[in-house]
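Chemist: After the structure tokens below, expect a handful of questions from me.
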Amino acid sequence: MSHPALRQLRALSFFDDISTLDSSLLDWLMLEDSMTRRFEGFCERVTVDMLFEGFVGPEALEEEGEFLPDEPRYWLREILLCGDGVPWLVGRTLVPESTLCGPELALQQLGTTPLGRYLFTSSTLTRDFIQPGRSDELWGRRSLLRLSGKPLLLTELFLPASPLYGEEK
């Protein structure tokens with residue numbers, strides 16, 4: 001967790017009451033479709049810069065563990081999602097090892113493919129919740145998703161250059 005954006009992501013404070021948030025902000029934070037697809041409307045090319053990818057133990061989960069089953073190993077993927085080479089979002093995906101069977105094994109082979117390009121082509125994708133959060137002046141969210149009923153937790157932090165902030169103002 002050496003990248004500064006990951007430290008900010010881990011510092012997100014999440015909240016359930018969204019009634020005071022601006023509708024244009026909520027349009028981003030509560031988006032149920034692919035964030036990759038949303039970003040593609042604001043640039044020529046969306047790319048992934050890999051920060052970390054590999055198995056970790058439960059000690060790497062901290063409070064995230066309350067949303068995932070207890071297992072000895074989890075697949076962790078930490079990335080920067082960039083629009084035309086500019087980092088717009090830092091993402092952290094935690095996948096219990098038991099989720100990585102059948103078609104979901106492909107989650108380990110995404111490489112620099114955006115997660116959304118895989119997730120939103122699956123007919124078995126469901127979402128339990130989206131929870132908005134904030135770290136200093138930056139907005140983020142976490143989502144518990146399921147593929148064929150098997151969980152994965154995605155946490156995203158919108159970086160200062162993200163189009164979210166251009167629309168928010």
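First residue shown is number 1, and so on along the chain.
Every residue, even glycine, has its Cβ placed from backbone N, Cα and C.
Residues annotated as substrate binding site in Swiss-Prot: Met35, Arg77, Leu115, Glu156.
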Chemist: Which site among Met35, Leu115 has the most other CB atoms no more than 10 Å from its CB, taking these as binding-site residues?
Modeler: Met35
Chemist: What is the number of other Cβ atoms found within 10 Å of the Cβ of Arg77 (substrate binding site)?
Modeler: 22
Chemist: Show, in sequence order, which residues other than Met35, Arg77, Leu115, Glu156 on the same chain lie with their Cβ within 8 Å of the centre of the Cβ atoms of the substrate site.
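Modeler: Close Cβ neighbours, site residues excluded: Thr36, Ile79, Leu81, Leu89, Gly91, Arg92, Thr93, Pro114, Gly116, Leu154.
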Chemist: Provide the three-state secondary structure of Leu115 (substrate binding site) computed with DSSP.
Modeler: helix
